[in-house]
Amino acid sequence: MDSVAFEDVSVSFSQEEWALLAPSQKKLYRDVMQETFKNLASIGEKWEDPNVEDQHKNQGRNLRSHTGERLCEGKEGSQCAENFSPNLSVTKKTAGVKPYECTICGKAFMRLSSLTRHMRSHTGYELFEKPYKCKECEKAFSYLKSFQRHERSHTGEKPYKCKQCGKTFIYHQPFQRHERTHIGEKPYECKQCGKALSCSSSLRVHERIHTGEKPYECKQCGKAFSCSSSIRVHERTHTGEKPYACKECGKAFISHTSVLTHMITHNGDRPYKCKECGKAFIFPSFLRVHERIHTGEKPYKCKQCGKAFRCSTSIQIHERIHTGEKPYKCKECGKSFSARPAFRVHVRVHTGEKPYKCKECGKAFSRISYFRIHERTHTGEKPYECKKCGKTFNYPLDLKIHKRNHTGEKPYECKECAKTFISLENFRRHMITHTGDGPYKCRDCGKVFIFPSALRTHERTHTGEKPYECKQCGKAFSCSSYIRIHKRTHTGEKPYECKECGKAFIYPTSFQGHMRMHTGEKPYKCKECGKAFSLHSSFQRHTRIHNYEKPLECKQCGKAFSVSTSLKKHMRMHNR
């Protein structure tokens, strides 16, 4: 049986605190203390029925808070001091008994002090006032110690310092939790999944993942949360409060996590590194989730369909597929989203915000994924490698499409002519030949395009803009893909090799045209005479015969020709 000290079942006041109590509050205190003595007597201890009121009649008596000292000590060893001896103890009959019950809500407590603190949560039923008021923010406290701890949030004082890493803390409890991260101590284990946690409060919050309990409900929208900190952050979406500001650019955020994530764009600091692949993270929790990619662990399982997830937030978002819940609604267009990241990215469509800026060229992006992919154009990094031929790519989609060259898969088929394609982009481009229609139209010449990027590149043929310059020879290009291909003329790289004859090519179009010599394929057919060609350039030259088009003119005599070979032959006449 556990032994408890008298302080465990008592509540006390300093002389100053007692003076602040109203007569009705003093009466309540006496009633509660007398009830305590009755409880003690009922479990076998002999207690004299004290006159509680007499404790406070003598001004010289010293009532002390819970410091291990006597609750009430008379100057000359009065009867009061005898009755309140700190060495007295009682024995619990049954472990886990909670004898102190709140008369307002029925909640029970092990200690009377816990009950008295709880009673203050009920409006109009405070045991006593909160005499300690903060001058900075006007927050009031019942206890001097609580007030002193709060003051540190304004002064910045952090008296608890970790000997391992030097990190400092305002409060003792977070300091204790932090120390466990060094020794790896996690004494609180979940009975459902076996996950171990460093503190009891974290275990309680974690257990709600299994039970589905969400005790914290937003009064504005009714949304419920499993954790008190989550509802505090959520409430700011209604109030518009953003208390965490970036010191670099002044941008404000609703949560501390958000501002730390944002800070990466300035300093790139990621202290938590994966031992498997070297990837770094801002928070240890992010690293733990990432490590599950390597271990294959997926501890969060959907009760509806059985699908498992590495991260608790992922399962929460997934569950909305079953419920149909889309809590994030755009105020501009009314579109709703099930996940906050998708909603935030969408909002930038309206605001035009592009928070991710490239330090090399100044180009800005609305998504961090787009920004990271763009960075590879400067670093030359191509992390996605084909296991068949060793070719590397910037993007995973490019690798996926490339693999179809090896497998022969062409999943996109034209319903008009039954022609098939390895990529959706090629298929859409082909469809324009049938429909003559595309969503992006050039204002100068009326040419249509499927993608806005293709239109932008095309517009440069009108403006003459060539933003991509070769560092080797200074030649400039209107498109990034053109400069990549051009660089091969300097390096000698010829990545496109014919398996039939071994001939290699710099340009993919040259390689494709060459392959048709072996296959005999001639996809470009003249509508006028029915003649077919393996190369598009040959087809274009041929159509000039029917159109009587002669775009190539001799500078010497002005004679015009439809093809370059005829012009070259003619030029030899002048050079004789």
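Backbone N, Cα and C atoms are what each Cβ position is placed from, and that goes for glycine too.
Just so it is clear, the model here is predicted, and its values are computed rather than measured.
Summarising the annotation, Swiss-Prot assigns domain 'KRAB' to 4-90 and lists sequence analysis as the type of evidence.
Positions annotated as zinc finger by Swiss-Prot: 100-122 (among others).
Taken from Swiss-Prot, the feature zinc finger applies to 132-154 (among others).
For 160-182 (among others), the entry in Swiss-Prot reads zinc finger. Looking at the zinc finger (160-182) alone, the prediction's average pLDDT is 80.
Look at Swiss-Prot and you will find 188-210 (among others) tagged as zinc finger.
Across the zinc finger (244-266), DSSP assigns 11 helix, 4 strand, 8 coil. What Swiss-Prot lists as zinc finger is 244-266 (among others).
As annotated by Swiss-Prot, zinc finger applies to 272-294 (among others), with the evidence given as sequence analysis.
Marked as zinc finger by Swiss-Prot on the basis of sequence analysis: 328-350 (among others). Within its own chain, the zinc finger (328-350) has Cβ neighbours under 8 Å at 317, 320-321, 366-367, counting only residues six or more beyond its boundaries.
According to Swiss-Prot, the feature zinc finger maps to 384-406 (among others).
As annotated by Swiss-Prot, zinc finger applies to 412-434 (among others), with the evidence given as sequence analysis.
Look at Swiss-Prot and you will find 440-462 (among others) tagged as zinc finger, backed by sequence analysis. Same-chain neighbours of the zinc finger (440-462): 425, 428-429, 432, 478-479, counting only residues six or more beyond its ends whose CB sits under 8 Å from a CB of the stretch.
Counting only same-chain residues 6+ beyond the ends of the zinc finger (468-490), those with a CB under 8 A from a CB of the stretch are 377, 457, 460-461, 506-507. Annotation comment: Swiss-Prot describes 468-490 (among others) as zinc finger.
The zinc finger feature in Swiss-Prot is assigned to 524-546 (among others); the stated evidence is sequence analysis. Sequence-distant neighbours of the zinc finger (524-546) (same chain, 6+ residues past either end, Cβ-Cβ under 8 Å): 509, 513, 516-517, 562-563.
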Grouping DSSP H, G, I as helix and E, B as strand, the residues of the zinc finger (384-406) number 11 helix, 4 strand, 8 coil
Long-range CB partners for the zinc finger (244-266) (under 8 A, at least six residues beyond its ends), listed in sequence order, are 233, 236-237, 282-283, 355-357
Top stretch by Cβ pairs under 8 Å to the zinc finger (384-406) (candidates 160-182, 188-210, 272-294, 412-434) is 412-434
